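**Q** What follows is a structure written as structure tokens; I'll ask about it next.
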Amino acid sequence: MAILDTPENVTASTETSTSTATPGISQSSSDLNLSLRRRRSSSNSAGAAAELSSKIDQLESDVGGDMMMDPEPMEESDALRSNGKGYGHDKDRVENRENRGRSDIKFTYRPSVPAHRVLKESPLSSDLIFKQSHAGLFNLCIVVLVAVNSRLIIENIMKYGWLIKTGFWFSSRSLRDWPLLMCCLTLPILSLAAYLVEKLAYRKYISEPIVVFFHVLITSAAVLYPVSVILSCESAVLSGVTLMLFACIVWLKLVSYAHTNYDMRALANSVDKGDTLPNTLNAVYSHDVSFKSLVYFMVAPTLCYQPSYPRTASIRKGWVVRQFVKLIIFTGFMGFIIEQYINPIVQNSQHPLKGDLLYAIERVLKLSVPNLYVWLCMFYCFFHLWLNILAELLRFGDREFYKDWWNARTVDEYWRMWNMPVHKWMVRHIYFPCLRHKVPKGIAIIIVFFVSAVFHELCIAVPCHMFKLWAFIGIMFQIPLVVITSYLQNKFRSSMVGNMIFWFIFCILGQPMCVLLYYHDLMNRKGSTESI
């Protein structure tokens, strides 16, 4: 049946083998012998080869579909006989399947059947490597990662002992940070002041320059007030970083609130003058100043203000509980890595710019792995767990807090994908306003990175009570890296090359170096070797 020459014989043989039992098999064998004699007389027939290949594919499919999916037809037939239910029709169906299976097995993978019929590449070849599923290799990497890190944990505990102190989360020293807590609780009052300014502007009680002046005062106070509180007291570095991050979030939200309302007033004035607006602007919302929308915006997981947001239908309470459990687990894991790994490494290191070069490289490489773990845990805890928990509790619908930045091929792609709330704020309130004011694209990019560098420096330098500008220089150094990685990506035309360069810069040259620089400068400022 598998090597007939003509479609007529193939059809006849197929119908015979599927509709009859033993007589059909005999007839099929006769047709096979006849076809073999014909094949000897016309062995160079191209039509026969094509028909052979197609029939072999069909036969393998039939065997794989029927024989493999129903490996025990005899047991099924016996069960039907014993039950006595539907014996007639089911008996014929089972016998037909048995006979067809026997017939298929007779002609499948015979020595005369070609084993190689089409062009195929190896799974790991360059053409197929990214089209294959690598789930098994991923599982292998997870197993190896767990095994290697388990050994390192045991080795670390044997060498240093258990370094996590009882007062890691809270101690009597934390009570000294009460001014920072009071500052954090009073910062939201500035949003009320911004609302009053916008309400007066909406009713046209104050002119536009006065509105801008008041918003500059309010947003400046949102940054200068926490900075003055932190610098006026000797607080823990972690407490100062937390307050500065909160202050920067409040500043970004207040700027967005003021800028959005300013733009909405401008659009409203254009409509009053008879100008026609695009349909996208007409369909979104009308200009209004609502205290309820401001309160929701100040607690929502977004930095871009708008009077209304997409909302989900309900809150998944069980889902929220599971995310909270994950948040606690990963936060504890982060603290374990910091206390057990990072602190001993940085305490036993030298200043990377003042000591031996090879020793500095060894310390940076040794610090890169635990630092990467901490950074990934931080990202997962904040951008995935915490922001999604907050979004679920507030029924906030747009939860694209990050994209697949781990696949970034250039530094530019990384900065556009890893922190979507900040990226949307930068694009909405700095980058495109610069372009609309005829600022060149390159200058607009520099301005964006400059604003980011200033706030990175504030969040680190102020809690450490020193201004070395390492964070500022690190962020501004991203501009030439954007140009270099974009050039390499265009030159090699390979996503692997760009992604490997990104990970090398991210894991080796970036964060570990900054950690060592700030740690040693902080220790030099304190004049002791106590841990932070």
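Backbone N, Cα and C atoms are what each Cβ position is placed from, and that goes for glycine too.
Pulled these from TrEMBL:
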- His456: active site (ACT_SITE)
- 11-35: compositional bias 'Low complexity' (COMPBIAS)
- 42-53: compositional bias 'Low complexity' (COMPBIAS)
- 87-99: compositional bias 'Basic and acidic residues' (COMPBIAS)
- 1-99: region 'Disordered' (REGION)
- 137-158: transmembrane segment (TRANSMEM)
- 178-197: transmembrane segment (TRANSMEM)
- 209-231: transmembrane segment (TRANSMEM)
- 237-255: transmembrane segment (TRANSMEM)
- 324-342: transmembrane segment (TRANSMEM)
- 372-394: transmembrane segment (TRANSMEM)
- 443-463: transmembrane segment (TRANSMEM)
- 469-488: transmembrane segment (TRANSMEM)
- 500-519: transmembrane segment (TRANSMEM)
**Q** State the non-local partners of the transmembrane segment (443-463) in its own chain: residues 6+ outside its ends, Cβ under 8 Å from one of its Cβ atoms.
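**A** Counting only partners 6 or more residues beyond its ends, the transmembrane segment (443-463) has Cβ contacts under 8 Å with 223, 226-227, 230-231, 235, 237-241, 243-245, 248, 422, 426, 430-431, 434-435, 469-476, 478-479, 482, 518.
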**Q** Output the single range from 137-158, 178-197, 209-231 maximising the number of Cβ pairs under 8 Å to the transmembrane segment (237-255).
**A** 209-231
**Q** Could you give the residue numbers and ranges of same-chain residues that sit at least 6 residues beyond the transmembrane segment (209-231) on either side and whose C-beta is under 8 angstroms from one of its C-beta atoms?
**A** 179-180, 183-184, 187, 190, 193-194, 197-198, 200-201, 240, 243-244, 246-248, 250-251, 254-255, 258, 262, 458, 462-463, 465
**Q** What same-chain residues, at least 6 away in sequence, bring their CB to under 8 Å of the CB of His456 (active site)?
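**A** Listed in sequence order, they are Ala471, Phe472, Gly474, Ile475.
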